[in-house]
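Features of the protein shown, as given by TrEMBL:
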REPEAT    69-95  repeat 'WD'
REPEAT    103-146  repeat 'WD'
DOMAIN    144-266  domain 'EIPR1-like beta-propeller'
REPEAT    147-183  repeat 'WD'
REPEAT    190-232  repeat 'WD'
REPEAT    234-276  repeat 'WD'
Amino acid sequence: MAEIAKTFRVPGRHGYAVEMSPYLTSRLACATSQYYGIAGCGTLLVLEQTESGISLVRSFDWNDGLFDVTWSENNEHVLVTASGDGSLQIWDTNNPMGPLQVFKEHTQEVYSVDWSQTRAEQLIVSGSWDSTAKVWDPAASKSISTFQGHEGVIYSTIWSPHIPGCFASASGDSTLRIWDMKTRGTRIAIPAHQAEILTCDWCKYDQNFIVTGAVDCSLRVWDLRNVRQPISDLSGHSYAIRRVKFSPFHRTVIASCSYDFTVRFWDFSKTEPLLETVEHHTEFVCGLDFSLHIPNQVADCAWDETLKIYTPLCLACPS
């Protein structure tokens, strides 16, 4: 059981993604949708963690479901969301009137969005159900590159925190792909699972390590120098894994959330890698993130209309 969680309830909104601010210690954002994202509108919640709980700073409504959110890496007030209408929205928490900009090129739902983390660039990558990934310059009015190659829905697109112009994508075609802005093509294509892959994330400490999570209920850690087989295969979830995140404080610690209503914590360097199972939601858990400021603090969100912030016991105590 995790330490006592702070809870924020959002009636009528189902959580899809949560991301802690890279700038402000207590700030976080949550992308939500009405009616489980099948119909209705979406709401971006900007939240503040306080000593006693979680308070709403600002909310922004959009006319379709919001499926992902990412903070700007060069402006503490700016966020980007991904929507079911095929668009991306850029928001400013200081501007309550609506999005600063809307990018509309994808022809189906945008399920993933991420802001580049390397100092050399300020770029956004998006992944869509139209099987393409697109890279955007926030200062431009249209995408600067479109990446084609996946044969199924793209569920996840994540920039490398180490290599400029390099991002990973996970797809319903059962592959993980690594892309390069310089060549505008695939560097590596890995048949990572024999099922749809819903999520991936890069290790913060090693540019060659990446983890995938799939409908087959497994997590696999890959070393990109030798992709013939994973260096770790983590099983324990009983339904599809919706999101996975590497810890920013531990090289081999991973968190995953699932349609089995749980969040699980793993250390793939250990013989028994499953550290803890957190069961504090009553619906699909879709959003998950580690704080960059408060070691081992985690936020998650679910379709039960709640967002929670907590520190799992397995990480609160010295191992």
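In case you wondered, yes, glycine gets a Cβ from its N, Cα and C as well.
Keep in mind that this is a model prediction, so the values were computed, not measured.
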Positions whose Cβ lies under 8 angstroms from the repeat 'WD' (103-146), at least six residues beyond its ends: 67-74, 78, 80-90, 152-165, 167, 169, 171, 179, 181, 184
Per-state residue totals over the repeat 'WD' (234-276) - DSSP helix, strand, coil: 0 helix, 22 strand, 21 coil
DSSP-assigned states of the repeat 'WD' (69-95) in counts, ordered helix, strand, coil: 0 helix, 15 strand, 12 coil
Integer average pLDDT (0 to 100) for the repeat 'WD' (69-95): 97
